[in-house]
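Reviewing the structure listed below.
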């Protein structure tokens, strides 16, 4: 346990107001022994502060678990509490280490650092806490709101008609099928909402944080739009009822259509005013609407028990009758909508309102409790009400009635048909002529007619429609506000601003109002409803899929406290929601899915920088893990060989050409790892290692290079590369090729660095790697051109100064991207391959993969091989035959018969002058002196080594002459890398070979040597 000296008085409560001070944390004093536990001070065990260094009675900066350490935010005016970092607990305590802790503290606002304390008591803040926003419980905030949104105009005006068409049995099936979808969705949303702290944004917040910004953003936008259109639908339903009343009393305003528009616009304006008054007033209005609906229900039920008057009897109401109930059990389809799915499509929108409570999640006291409890209770009670009304009204009212008081049964006036005959009424004439204006199947206002006092039903219609419209208005603005704050789409941030203590989305209300007015102009309920239903169903499908996907990923982060859900039920809910979308209105379903896909593709293209820990991310990990483990069971086969490259880039932005070259042929094909060795003491380079890794990865992503970045700390370069070659990769996904840049300054650099460079190539062969060395005429390192050497992020040791740990890794991403030859079109040039020695085919495979890419596809590939002048035709045919079996598409083959001729004298002398400074000149020295010189300078070339390697040295000089003759204008030159035997070829001689081989060549030169194992085959198994 980390301990600190007791520097304050133990009993002084005023000093125990924080966890620790920076000065105490970084004190260089020797720690004192742990303080003994004092039972007279129980606060030692209960006080959350460790400023007095008392945790379980010990003198330590280690802290006990507390809520604040895991919270992302604090209450207004309260300081943020932080736990000590790992460095705080186990690093040396000294003043020089202050910069190690600065990052942890400086990120907080200045008001959180009071009097040098890391944290203080909330009561010490001089700022007065702002007024608390209004928060609602599960009844007022969720259940009532959901019930009001579920109940709507269909309950009063269409449910009796649906019962008459489908019969009581099928109506119950329609209701229960609809409730099945909403109940499964309710269970799914309950699970999602209890898997962590829920903020404002409702359905959008839940889906986006579960499935990610791609699907979440698209569904959030259309869900907000659907709610805005829902305002229009419900107000139009309200306006239709008012218009009918005006016409009944002979007081129309203008004409039927414009009356609806006028009434609806006035109504939605009043609802806007209620919303702008704040959530508190909106909630009061909802409670008032709820009471009105409850009174209307009671009024209806009482009315069914009252014996019918003559007026009601003439309209088909006869109170509870068994024969009426039996007759209305079976369907009687009429009209164009007279089908099961026709009735289902009309009823289903009345079940969609279960998200009203979740949509104001930011205004709930405890969303994790309120959303599941309130939503499921709302579904239960509204289902009971639908079933009860369908059964009761189907037991009281016949399907057809004339409404004429004189249509009583009169003896001698012919046959009387129908159940009404037994009750003294004859509706035969209007039934046969299909001219009845009343009855369950003809009169939409049947509930008003049956009720004890008709105006109360009208008031219930008003309450149901206006409350639903108000809930939709609030939901649209709240969801859209959260979407705007996340900035997933352009040009909408303006509407995200909140006002007042509740952060009311005033601008969102105005936008929803404008959309509602635009759709109110349509003034046709049957045109508006299908679009909304499909958007809501699309939301339900994604909510259920979110729950299913989060469950199957087995992510440790999926721990919902609501356990009464099932992943397969959630999947069924998602599928059935999509099916219902097409059953309701196929064209509206296609529109909804098309909009979702368009918005989805936009967010995928933009790649917003958000990280919400979505189940999609967890699923990606699961897939990667599963396939990676599965690869362990796959035996290696030549046909499945892929060039998996470990590229020694250092900081990738230093050598963009090297990154682009490898990234071109490995893209969507194989593994690429950019390796970076930080040289120096582990303690010194560790802060830099932690800071820059993420920045380099983002740089690669910005450059559209599909690669990993891996860095290690080592005492020297060679040891670091050895670590990378042994540890990089995972399972079968391990590098098999080492790619390095050519050491251009080898003649002027310290010989030890050259020794390390060549040693790295030898190590690669020892680890059975292939080797690829890339040389460009202008060099690979662009750090000086970018002036990166003055930035400690890029190379902190370059100026010989200690790197500061305070570095902004975003500088790596924001820097200007250097362009390279591998990013441009190559045109109709050539890729020349000098396949001088058989390395297993890697020298052929890399250019082939490069030639498949669009920028290199127009290049003609030429293959050059060595041969004898008297066997040129035979050798050429043999190579062409071999290449055709490899199916590489290489048809132009050139034999080099003069490869073993002596080079020109001036070129030979140039080579000798190149190695002269590195010669040991041991011809006249004794053996002891030579051995000592060799031990001190292993890179030196002895006379014996020059003699033994003379033929090989002259071959490199001659090859350079040949390449200059044939490939001066090529786009790329690929040459088999010569190998120097360990212990027989000094590093300086080997570097001279590579220098000579690629000297004066204008195109990029790639020196490749495989590990002498086949990477190409012409067999099919």
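Cβ atoms are placed via backbone N, Cα and C, with glycine included.
Keep in mind that what you see is a predicted model, and the values were worked out from it rather than measured.
According to Swiss-Prot, the features are:
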BINDING   148, 151, 464, 467, 468  Na(+) binding site
BINDING   149, 227, 234, 352, 359  polythiazide binding site
BINDING   353, 354, 355, 540  chloride binding site
BINDING   648, 655, 677, 741, 780, 781  ATP binding site
MOD_RES   43  phosphoserine
MOD_RES   46  phosphothreonine
MOD_RES   49  phosphoserine
MOD_RES   50  phosphothreonine
MOD_RES   55  phosphothreonine
MOD_RES   60  phosphothreonine
MOD_RES   73  phosphoserine
MOD_RES   91  phosphoserine
MOD_RES   124  phosphothreonine
MOD_RES   126  phosphoserine
TRANSMEM  138-167  transmembrane segment
TRANSMEM  168-189  transmembrane segment
TRANSMEM  221-243  transmembrane segment
TRANSMEM  256-280  transmembrane segment
TRANSMEM  281-303  transmembrane segment
TRANSMEM  339-360  transmembrane segment
TRANSMEM  372-393  transmembrane segment
TRANSMEM  454-477  transmembrane segment
TRANSMEM  508-522  transmembrane segment
TRANSMEM  528-544  transmembrane segment
TRANSMEM  568-587  transmembrane segment
TRANSMEM  588-599  transmembrane segment
Legend entry - Most Cβ neighbours inside 10 Å, all chains, among the binding-site residues 353, 741: 353
Legend entry - Leading stretch by Cβ pairs under 8 Å, where the reference is the transmembrane segment (508-522) and the options are 221-243, 256-280, 339-360, 454-477, 588-599: 221-243
Legend entry - Site extent for chloride, whole Å (max Cα pair distance, 353, 354, 355, 540): 11
Inset, instruction - Mind pulling out the one from 138-167, 168-189, 256-280, 339-360, 454-477 with the most Cβ pairs under 8 angstroms to the transmembrane segment (221-243)? - result: 454-477
Legend entry - Set of same-chain residues at least 6 away whose C-beta sits under 8 angstroms from residue 468 (Na(+) binding site): 148, 149, 151, 152, 230, 234, 353
Inset, instruction - Could you name the stretch, out of 256-280, 339-360, 454-477, with the greatest number of CB pairs under 8 A to the transmembrane segment (168-189)? - result: 339-360
Inset, instruction - Give the sequence-ordered list of residues that share a chain with residue 227 (polythiazide binding site), lie 6 or more positions from it, and have CB atoms under 8 Å from its CB. - result: 359, 472, 473, 475, 476, 479, 512
Legend entry - residue 781 (ATP binding site) to residue 464 (Na(+) binding site) - Cα separation in whole Å: 71
Inset, instruction - Could you tell me which of these binding-site residues, 234, 655, has the fewest other Cβ atoms within 10 Å of its Cβ? - result: 655
Legend entry - Rounded Cα-Cα span from residue 355 (chloride binding site) to residue 467 (Na(+) binding site), Å: 14
Legend entry - Per-residue Cβ crowding (10 Å cut-off), top of binding-site residues 352, 467: 467
Legend entry - Beyond the flanks of the transmembrane segment (588-599) by at least 6 residues, Cβ under 8 Å: 215, 217-219, 221-222, 489, 530-531, 533-535, 537-538, 578, 581-582
Inset, instruction - Count the Cβ pairs between the transmembrane segment (138-167) and the transmembrane segment (339-360) that lie under 8 angstroms and are 6 or more residues apart in sequence, then report whether there are at least 3. - result: yes
